[in-house]
Amino acid sequence: MMLEHVLVVSAYLFSIGIYGLITSRNMVRALILGIDGLSIGPILLTGFITTLATLAAWPVTRDSRLFHFLMLAMYSGQIGLFSSRDLLLFFIMWELELIPVYLLISVWGGKKRLYSATKFILYTAGSSVFLLLGVLGIGLYASNEPTLNFETSANQSYPVALEIIFYIGFLIAFAVKSPIIPFHTWLPDTHGEAHYSTCMLLAGILLKMGAYGLVRINMEFLPRAHSIFAPWLMIVGTIQIIYAASASPGQRNLKKRIAYSSVSHMGFIIIGIGSLSDMGLNGAFLQIISHGFIGAALFFLAGTSYDRIRLVYLDEMGGMAVPVPKIFTTFSILSMASLALPGMSGFVAELIVFFGIITSQNFFLIQKILITLLMAIGTILTPIYSLSMLRQMFYGYKFFNAPNSYFLILDRESYLFLSLSFYL
């Protein structure tokens with residue numbers, strides 16, 4: 001209760017400070033909210049996933065009011081970021097959701113929750129320094145008076161060298177949140193220890209904030225620097241797909257294996273952003289929406305499975321198909337969606353990214369062929385960890401020392417299964 005009161009007072013004082021900031025003479029026009037075609041998809045995704053994650057948090061009984069307060073605080077920061085139309089508000093919302101995530105992990109996480117929460121806050125808060133420097137640099141470079149408005153900053157011309165410096169700063173900040181290798185190591189530890197409803201928010205929304213920032217700021221504000229770094233983004237994205245898909249089968253922890261699959265799928269988003277084509281960018285945003293649903297659903301099923309057998313290591317599982325057939329069926333469908341089975345949204349998104357690379361006029365033919373072949377290798381590796389995960393969890397024979405009623409699927413869980421599966 002004391003922690004809850006402290007959080008409420010802190011939020012109140014923070015709101016007073018923000019109010020004083022936005023009502024000052026120089027900043028009264030700065031903080032603007034708005035929704036366009038780029039932000040409407042992530043905003044709808046955020047609302048849907050947050051609603052399902054809140055409903056999935058019914059097993060939380062210890063300080064449940066504080067738990068849901070933090071989830072809604074995280075939701076506020078994410079909605080504010082996707083709808084912000086100025087750089088200062090973008091940065092404030094970027095930082096606002098870090099504290100709820102830290103508390104959700106450190107209070108309701110697993111045995112190594114403090115280690116994972118500390119690692120998360122060090123990575124993300126440390127990278128925010130680069131975001132703040134980039135925001136201040138763009139805002140103070142304005143010709144007449146300092147401005148942080150998106151439209152004004154997007155129309156501002158910068159020297160190429162300065163664009164590159166700004167681009168690198170923003171890229172580091174967004175690469176940690178996305179995550180892009182080698183800044184991804186916080187993600188498996190965080191997913192491995194967080195409660196599964198928190199994992200739904202992390203995989204479904206938080207990772208997408210970095211990709212959104214790359215498009216909203218790096219592409220729109222710094223187009224010449226983006227054209228310079230785009231080939232490197234495609235190379236890093238390709239390496240990320242293969243690396244994470246190869247590392248995933250070696251993970252014993254179920255949630256860590258799903259986390260590495262998220263890192264692999266984020267590689268397609270990075271490649272789509274770096275393709276310098278409208279089709280590739282469309283594929284990247286469709287992958288953002290598709291993986292948002294698939295990743296959140298996989299973590300929800302991992303959590304419901306843990307609630308029943310109290311096991312998280314795959315080599316200790318097996319034979320779950322008989323006691324929990326509904327979870328087995330839904331997990332199988334989600335695994336097919338994750339490996340981009342034709343007819344699923346993941347397949348459409350990855351196919352559009354492929355077409356975006358092939359039709360791009362900004363790369364040589366040999367570059368496009370090489371990137372496409374390497375991406376194809378990554379799509380071949382994806383079924384290996386997806387199907388092996390299914391085999392280890394649901395097939396074989398395993399005796400679980402629990403009554404049959406313990407494995408029953410509740411009606412509310414079935415509704416969540418159907419709600420998540422509808423968008424695959």
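Just so you know, the numbers here start at 1 and follow the chain as drawn.
Yeah, the Cβs are placed from backbone N, Cα and C, and that goes for glycine too.
TrEMBL lists 84-368 with the feature domain 'NADH:quinone oxidoreductase/Mrp antiporter transmembrane'.
For 30-58 (among others), the entry in TrEMBL reads transmembrane segment. Here the transmembrane segment (30-58) has Cβ contacts under 8 Å with residues 22, 64, 67-68, 71-72, 74-75, 78-80, 82-86, 88-89, 147-150, 195-198, 200-201, 204-205, 208, 212, 215-216, 285, 288-289, 292-293, 296, 300, 303, 412, 416, 419-420, 423 of the same chain, all six or more residues outside its ends.
As annotated by TrEMBL, transmembrane segment applies to 65-82 (among others).
Per TrEMBL, transmembrane segment is recorded for 88-108 (among others).
For 120-144 (among others), the entry in TrEMBL reads transmembrane segment.
Here the transmembrane segment (164-187) has long-range neighbours at 116, 119-120, 122-124, 126-128, 130-131, 133-134, 137-138, 158, 202, 206-207, 209-211, 213-214, 217-218, 221-222, 225-226, 228-229, 236-237, 239-240, 243-244, 259, 262-263, 266, 269-270, meaning same-chain residues at least 6 beyond its ends whose C-beta is under 8 angstroms from one of its own. Per TrEMBL, the feature transmembrane segment maps to 164-187 (among others).
According to TrEMBL, the feature transmembrane segment maps to 199-217 (among others).
The transmembrane segment feature in TrEMBL is assigned to 229-246 (among others).
Taking Cβ pairs closer than 8 Å, the transmembrane segment (258-276) reaches residues 178-181, 184, 187-188, 190-192, 203, 207, 211, 214-215, 219, 226-227, 229-234, 236-241, 243-245, 247-248, 251, 282-285, 287-288, 291, 294-295, 298-299, 302, 338, 346, 349-350, 352-353, 356-357, 360, 362-363, 371, 375, 378, 382, 385-386 in its own chain, all 6 or more past its ends. Annotation comment: TrEMBL describes 258-276 (among others) as transmembrane segment.
Annotated transmembrane segment per TrEMBL: 288-306 (among others), in sequence order. Residues 41-42, 45, 49, 52-53, 56, 191, 195-197, 199-201, 203-205, 207-208, 211-212, 254-255, 258, 261-262, 265-266, 269, 312, 320, 324, 327, 330-331, 334, 337-338, 344-346, 348-349, 393, 409, 413, 416-417, 420-421, 423-424 of the same chain, all 6+ positions outside the transmembrane segment (288-306), place their C-beta atoms under 8 angstroms from a C-beta of that stretch.
Residues annotated as transmembrane segment in TrEMBL: 327-358 (among others).
Taken from TrEMBL, the feature transmembrane segment applies to 364-385 (among others).
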Top Cβ-contact partner of the transmembrane segment (199-217) among 65-82, 229-246, 327-358, 364-385 (pairs under 8 Å): 65-82
